[in-house]
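Comments concern the structure below.
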Amino acid sequence: MNETLYRVSANPHVRDKSSTQSIMLDVILALLPATVFGIYIFGASAAVTIAVSIVTCVAAEYIYQKLMKQKVSVGDLSAVVTGLLLALNLPAGVPFWMPVLGGIFAIIVVKQVFGGLGQNFMNPALGARCFLMISFAARMTTFTYDGVTTATPLALLKAGKSVDLGRIFTGFIPGTIGETSAVLLILGGIYLVLKKVISPMIPCIYVATVAVFVLLFGGHGFDLTYMASEIFAGGLMLGAIFMATDYVTSPITSKGKIIFAVLCGLLTGIFRLFGPMAEGVSYSIIIANLIVPLIEKITVPTPFGIVKAKGGKDNE
């Protein structure tokens with residue numbers, strides 16, 4: 001029997017007229033409202049952090065690919081998205097060398113060393129954020145608002161104090177540059193769903209799982225205000241909409257997406273309610289990213305017509 005071998009590229013596999021560049025451009029546009037709002041409430045330092053992070057990621061990818069004599073792919077805008085997401089996950093007041101270090105880690109260590117776009121085993125921006133959190137915990141957990149260092153709503157909730165749900169939803173609160181305004185992040189997510197860039201399955205199930213978890217184990221009974229505060233505060237919306245849905249590091253089947261989203265939600269609830277820190281979205285998504293190969297093995301159906309030959313090879 002003649003065998004035809006096909007070369008299959010790595011994720012993301014484009015199944016329509018969209019290109020990687022157009023998809024990344026849609027993600028940038030969806031993040032634009034939250035980005036502009038972050039600059040508005042945190043000032044010039046936020047703009048500098050965003051610019052430095054994006055430039056670093058693009059430069060790191062360009063230089064690495066040139067040195068390795070690979071095709072330069074900065075035009076696909078994936079490095080821009082990584083830089084933007086990394087910056088939106090940082091406090092506005094961090095020194096400029098932190099987005100530089102984080103950007104290099106995201107592009108070189110998490111992305112390029114493993115083969116570039118489609119080969120990375122975790123979301124590069126989240127990988128870099130966790131690296132910075134572990135290395136510089138004090139700087140990564142110091143937040144200012146209106147020029148005053150203050151606690152985030154999640155920290156207040158963990159301490160048993162009350163928070164203003166209205167301010168949490170609109171975004172006039174301390175936090176990282178891009179996580180504060182839940183309403184703008186949701187609008188960005190709706191845009192991506194309408195453009196068919198992402199499926200609403202992962203974000204909705206992820207958030208719903210966190211909601212149920214905090215109602216059951218939060219110690220506040222069925223206090224819907226407390227539940228809503230946990231959902232809209234912190235990085236849940238940013239993570240669920242823009243990072244858990246990453247094509248490369250999330251499952252491809254509907255069943256796999258459900259398992260992945262529930263796992264993200266359970267881990268986030270555990271980290272937030274029972275862990276030492278108030279937040280846990282980044283670690284939750286990364287742990288789930290690492291389990292995706294197992295989820296795929298369980299949920300991806302066996303191709304029809306493939307049989308095991310006596311020699312141990314698969315034949316049609």
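Glycine is treated like the rest: Cβ placed from N, Cα and C.
The transmembrane segment annotation in TrEMBL covers 27-60, 72-90, 96-114, 126-148, 168-194, 201-218, 224-244, 256-275, 281-300. The annotation FMN phosphoryl threonine is assigned in TrEMBL to THR152.
Among residues of the same chain six or more beyond the transmembrane segment (27-60), those with a C-beta under 8 A of the stretch's C-beta atoms are 74, 77, 79-88, 90, 92-94, 96, 99-100, 102-104, 106-108, 112, 144-145, 171-172, 177-178, 180-181, 184-185, 187-189, 191-192, 197, 238, 242. Ranked by Cβ pairs under 8 Å to the transmembrane segment (224-244), the stretches 72-90, 96-114, 126-148 are led by 72-90. Neighbour count (other Cβ atoms within 10 Å of the Cβ, all protein chains): 24 for THR152 (FMN phosphoryl threonine).
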